[in-house]
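Q: According to TrEMBL, the protein has these features:
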BINDING   LYS132, GLN195, GLY227, ASP258, LYS401  UTP binding site
BINDING   HIS228  substrate binding site
Amino acid sequence: MAAENMALYVEGLNKGAANGGMAQFQEMMRQQLESSMNAELEKLLDSTKGSDREVSRKDFEGFRNLFQRFLQVKGPSIEWIKIQRPPEESIQPYERILGRGLPDSVADCLNKLVVVKLNGGLGTSMGCKGPKSLISVRNENTFLDLTVQQIEHLNKTYNTNVPLVLMNSFNTDEDTKKILQKYTHHRVKIHTFNQSRYPRINKESLLPVSTSLSMTGQSAEGWYPPGHGDIYASFYNSGLMDQLIAQGKEYIFVSNIDNLGATVDLHILHHLVSQPNGKRCEFIMEVTDKTRADVKGGTLIQYEGKLRLLEIAQVPKAHVDEFKSVSKFKIFNTNNLWISLPAIKRLQEQKAMDLEIIVNPKTLDGGQNVVQLETAVGAAIKCFDNALGINVPRSRFLPVKTTSDLLLVMSNLYSLDAGSLTMSPRREFPTTPHVKLGSSFTKVQEYVSRFESIPDMLELDHLTVSGDVTLGKNVSLKGTVIIIANHGDRIDIPAGSMLENKIVSGNLRIMDH
């Protein structure tokens, strides 16, 4: 279809034109786009045979559904005026959950649980090849090592059988499966399934950019994993969900594998399992208080009588500042979620999982503009019965997205016990310091080479490092420390230095701050 027709179609959609003629034209264009897309998807399926074809056919069913909904969307999915604050009882303070204590048999609760980690991401943003979960974060332990240790500790302590399920993407599956062999003698049963593989679509023609299902050469650029909202369909399609339900599993605890604070919380699990039948809570979202660093995080709202996740991408431009304000929207989603397995099965079978579409524009290496249609796992909260938010301590949200985060979790601010990181009791205040490492530290390899050993940070409030800087052994940082090497300069902080409220700049001039 010609690009100008496409532009007309999209323009018409956005205006939501009410007059009959335009609406008729839109409908005709929509049908034409749908049939063109279906024809292209069939061509792609014909380019392969056997089990690959069957997997892709299931993936394409989900993609078709998303694409059809994308074409039908008129205007924003949220009317700002309808947004209400969630009622008091729908977001419970963690203290109230704690106050209920633990059940007589923790083991009975744990045997109903499956831990699911979202493991689709690569370590590219930190300069690493392969799955992000295989980056070393503490004492040579990777994200995956720590996860396995945590669950193994639970299984040994309570004599239970909590399995670990990894949702891989086509980017991480092969490397992850190779590494899993090292856990064969650990007391954790590990399962994997793959999230879907969807075709990227040309921004102009709205047709797939790939001409074959192959993942080699240029063709690989034509595919993407469609966001973690895909967990429901791919888990269900994999057959693994039915298998786990048959074993008596009732709930999954889902979190990002790079969130080191997302450990199994027995109090939240007890709260879920102990609800009376008529009031069974099918979905818990852990939220935490928003700080200025979290202004882009999704928040919970009441919308048309249901608890709903509001993401920044859904907010009309005129209201973005309001969305970011810490006073109006006080909490954000940690993406630690507790979800009923039978409820996911029911919603999948009823085709009632209605997740908002995130339209993610990308530019491929060759300069081609494409669109990825994605969904978010937390957006499903509105589909489940008796959904609940729990306002948890900040310690349950400890994501490692950058080397600045990595420095925090490697330091003596945290102690490691059975795979879990906890704030050191020797730190006098519970907040983590603000750390900002410059571009010379972005890649893990560079970052490691610039620290002879990780500094003592127990009394640090704020650290900014910029330029060509290295730190010797046993350096101690306290209060606010700013180290800036100007262009062409290099600063080496000598071994054993103690910097307290200092600004270091130029050729190692140290000033009190």
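Positions of Cβ are set from backbone N, Cα and C atoms, glycine also.
Give me the lay of the land around each of these features.
A: GLN195 (UTP binding site) counts 27 other C-beta atoms within 10 Å of its own C-beta, drawing on all protein chains shown.
Around the Cβ of HIS228 (substrate binding site), the number of neighbouring Cβ atoms within 10 Å comes to 23.
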Q: Can you tell me how many other Cβ atoms are located within 10 Å of the Cβ belonging to LYS401 (UTP binding site)?
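A: Its Cβ shell of radius 10 Å holds 14 other Cβ atoms.
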Q: Tell me the Cα distance separating HIS228 (substrate binding site) from ASP258 (UTP binding site), rounded to the nearest angstrom.
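A: So the Cα of HIS228 (substrate binding site) lies 14 Å away from that of ASP258 (UTP binding site).
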Q: Same chain only, sequence gap of 6 or more: which residues have a CB within under 8 Å of the CB of GLY227 (UTP binding site)?
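A: In sequence order, ILE358, ASN360, GLU374, THR375, ALA376 meet the Cβ cut-off.
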Q: C-alpha of GLN195 (UTP binding site) to C-alpha of HIS228 (substrate binding site): distance in Å?
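A: Their Cα atoms are separated by 8 Å.
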Q: Could you tell me the C-alpha distance between LYS132 (UTP binding site) and HIS228 (substrate binding site) in angstrom, no decimals?
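A: Counting only the Cα atoms, the answer is 15 Å.
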